[in-house]
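Trainee: Structure incoming, see below.
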Amino acid sequence: MDDLNTTAEKIRTMDIRGAGRIAVAASAALRDYAMSLKSLPLSEFNIKLEEAAKTLVDTRPTAVSLPNAVALTKRHNATNVYDAIDEISKNAEKFITNAGEALEKIGMIGAQRIHDGDVIMTHCNSHAALSIIKTAFDQGKDISVIATESRPRRQGLITIRELNDHGIPTTLIVDSAVRLTMKEVDLVVVGADSISVNGALINKIGTSQLAMAAQEARRNVIVAAETYKFSPRTLLGEMVEIEDRSSDEVIDAEILRELPNVKVKNPAFDVTPAEYIDLIITEVGAFPPSMAFTVIKDYLGLELAV
Ligand code: RUB
């Protein structure tokens, strides 16, 4: 399980990060691992495949793209290992190809919502959100971006580099400047780690603050999310788990040791209720959050809920 463990570790330590990238990396790792098991009898193969799936899924708890990718990749009806590997390879190829195409389609659909002169605020680093912004820019629209720093991991610095390299005028702000700056903004575009059946968005900590400030200033909030970011398990009443990360990301461990009365909370994601979201742009179209159930039923399949 060497290569699989390496991928799992990279996801855990956030060398591979962002819900889409995590999903694609997990699908590829599971495919490669399945291929390495070709000499096993089917029963043993299936046990090892389930163990590997669990190893991947357990790395980070919030992005539903990860269990969705793993479930879509590992399923097979084969009666021998060769056919099982064949099915799994095809599943992975389909998932990875669709994920790439979904980003392009989201860009095309979402760009229709962006107008010449728009100032767009974004948070963290979302490839789906950036696809919309870059596509609008490539269409010749005169746009600019306000990007949040996104403490504590500062993924905003990845975003501003990407936007800079694309030639898009960009302003970096600290997270606490969101409300003050919102009056300069025309719309907010963010990504998604999970979308629950009630249309709530789970995304990088601080996303709900952008959404609240946008609602207060009467600005639209657009979420860019591939259909595999919707959470089928929320249909069964399951809540999306919010990942708690290490205090080391927030404060130096040595300083913290000097402060015995202080503890650190470092939730990596937060929940934005559906009423703060105007539109979710997926690769199959733009939906209001109230249509999350339809997306799950028609495009992911209810069987992923179990
Ligand atoms: C990343 C994050 C992104 C979503 C969507 O969090 O919150 O907005 O994952 O990204 P982290 P994408 O850095 O903790 O993984 O659109 O690229 O899938």
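Just so you know, glycine gets a Cβ as well, placed from its N, Cα and C.
Just lifted these from TrEMBL, have a look:
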type	residues	note
ACT_SITE	C124	active site, proton acceptor
ACT_SITE	D193	active site, proton donor
BINDING	R17, G18, A19, G20, R60, N203, K204, K229	substrate binding site
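Can you tell me where each of these features sits in this structure?
Mentor: DSSP assigns C124 (active site, proton acceptor) to coil in the three-state reduction, placing it in neither a helix nor a strand. Cβ neighbours of C124 (active site, proton acceptor) (same chain, under 8 Å, six or more residues apart in sequence): T148, S150, Q155, G156, T159, V190, G191, N203, K204, G206, T207.
According to its DSSP assignment, D193 (active site, proton donor) is coil.
The number of other CB atoms found within 10 A of the CB of K204 (substrate binding site), across every protein chain shown, is 27.
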Trainee: What binding-site residues among A19, R60, K229 have a C-beta sitting less than 6 Å from any atom of ligand 1?
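Mentor: Near the molecule: A19.
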Trainee: Determine which residues of the same chain, besides R17, G18, A19, G20, R60, N203, K204, K229, have their CB within 8 A of the center of the CB atoms at the recorded substrate site, and list them by sequence.
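Mentor: Close Cβ neighbours, site residues excluded: R21, I22, T62, A63, S65, S126, G191, A192, D193.
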Trainee: In angstrom units, rounded to an integer, how far apart are the Cα atoms of R60 (substrate binding site) and D193 (active site, proton donor)?
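Mentor: Approximately 11 Å lies between the Cα of R60 (substrate binding site) and that of D193 (active site, proton donor).
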Trainee: What does the structure give for the C-alpha distance between G18 (substrate binding site) and D193 (active site, proton donor)? Integer Å is fine.
Mentor: 8
Trainee: If I restrict to non-local contacts, at least six residues apart, and a C-beta distance under 8 angstroms, what lies near K229 (substrate binding site) in its own chain?
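Mentor: Expected: A19, G20, A63, V64, S65, N68, A192, D193, S194, I195.
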Trainee: Which ones in the same chain are close to R17 (substrate binding site), with CB under 8 Å and 6+ residues apart in sequence?
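Mentor: In sequence order, I11, N125, Q155 meet the Cβ cut-off.
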